[in-house]
Amino acid sequence: MIQISALPAFTDNYIWLLQDHRSQRCAVVDPGDAAPVLAWLEQHPGWVLSDILITHHHHDHVGGVERLKQHSAATVHGPAREKIPARDIGLEDNQRVSILGWEFEVFAVPGHTLGHIAYYHHGLLFCGDTLFAAGCGRLFEGTPEQMHHSLGRLAALPDDTLIYCTHEYTLSNLRFAQAVEPANPDIAERLAKVTQMREQGRMTLPSTLALEKLTNPFLRTGETSVKQKADERNGQDNQSQSAVFAALRAWKDKF
């Protein structure tokens, strides 16, 4: 049985730690800082870091890779189409990779960055900065059309999929979601719950895909209420769901 834990980093990052208690081997996802991982390894003598999974090239996701590689000789997996430090295995869309005995499917999800990938294994999704709890990543390199397509691909996964994104942005994302859909009771309920969780210092991840479909405006571009608000914001009739997405993303960037 593999256990998944979060190692907080910086102000709002989570490094996901996968632990196989039988073999005492572990893997990490997007270690932007080596220190939390090294501290965990020091507190757990006998454990070996065998693998590092990277979703994209931004420093807050790869900053700790080289130091961890030097410390552990872990195998570094990352997107083939991006420059990833100390990468051993470059991954493309639809490839499969075995980590701690689990087989992960790789999805190309361009938008936040052009080479961004996500890792999926039977109800678990490690999606970096593509899909957030109640939100999505900014478009630093890709187009709105690319990001909308990437999110649609992730949204096609089973509803009970657990969403392991890498930032604690849920509260601010839900405030935006409520501005988009002020009459949505699911958003109001989730906002109240998340507000309480954050006041108690608790993390709000992982999310579930089912919950995202109810409360994440970027997965709800086909809803009439969302389209109407997007049309109202940019003063035009958005003819496609990707156009609705683009209007929402531009609004969120300034929210």
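Here, residue 1 is simply the first one shown, and the rest follow in order.
Glycine residues also receive a Cβ, built from the backbone N, Cα and C atoms like all the rest.
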Task: Annotated companion of Asp60, His61, Asp129 at the Zn(2+) 2 site, Swiss-Prot, chosen from His149, His167 - done: His167
Task: Given Swiss-Prot lists His56, His58, Asp129 for Zn(2+) 1, the same-site residue among His44, His71, His112, His121 - done: His112
- [ ] List the residues of the same chain that sit at least 6 positions away from His61 (Zn(2+) 2 binding site) in sequence and have their Cβ under 8 Å from its Cβ, in sequence order, or write 'none'.
- [x] Asn13, Asp30, Pro31, Gly32, Ile54, Thr55, Gly128, Asp129, Thr166
- [ ] Pop the Cα-Cα gap between His167 (Zn(2+) 2 binding site) and His56 (Zn(2+) 1 binding site) into the table, whole Å please.
- [x] 14
- [ ] Would you list the other residues of this chain near Zn(2+) 1 - those whose C-beta lies within 8 angstroms of the C-beta centroid of His56, His58, His112, Asp129 - in sequence order?
- [x] Thr55, His57, His61, Thr113, His116, Gly128, Thr130, Gly137, Phe140
- [ ] Taking the Cβ of His58 (Zn(2+) 1 binding site) as the centre, count every other Cβ atom within 10 Å, in any protein chain shown.
- [x] 20
Open item on the list: Within a 10 Å radius around the Cβ, which one of these binding-site residues has the most neighbouring Cβ atoms: His112, His167?
Closed with: His112
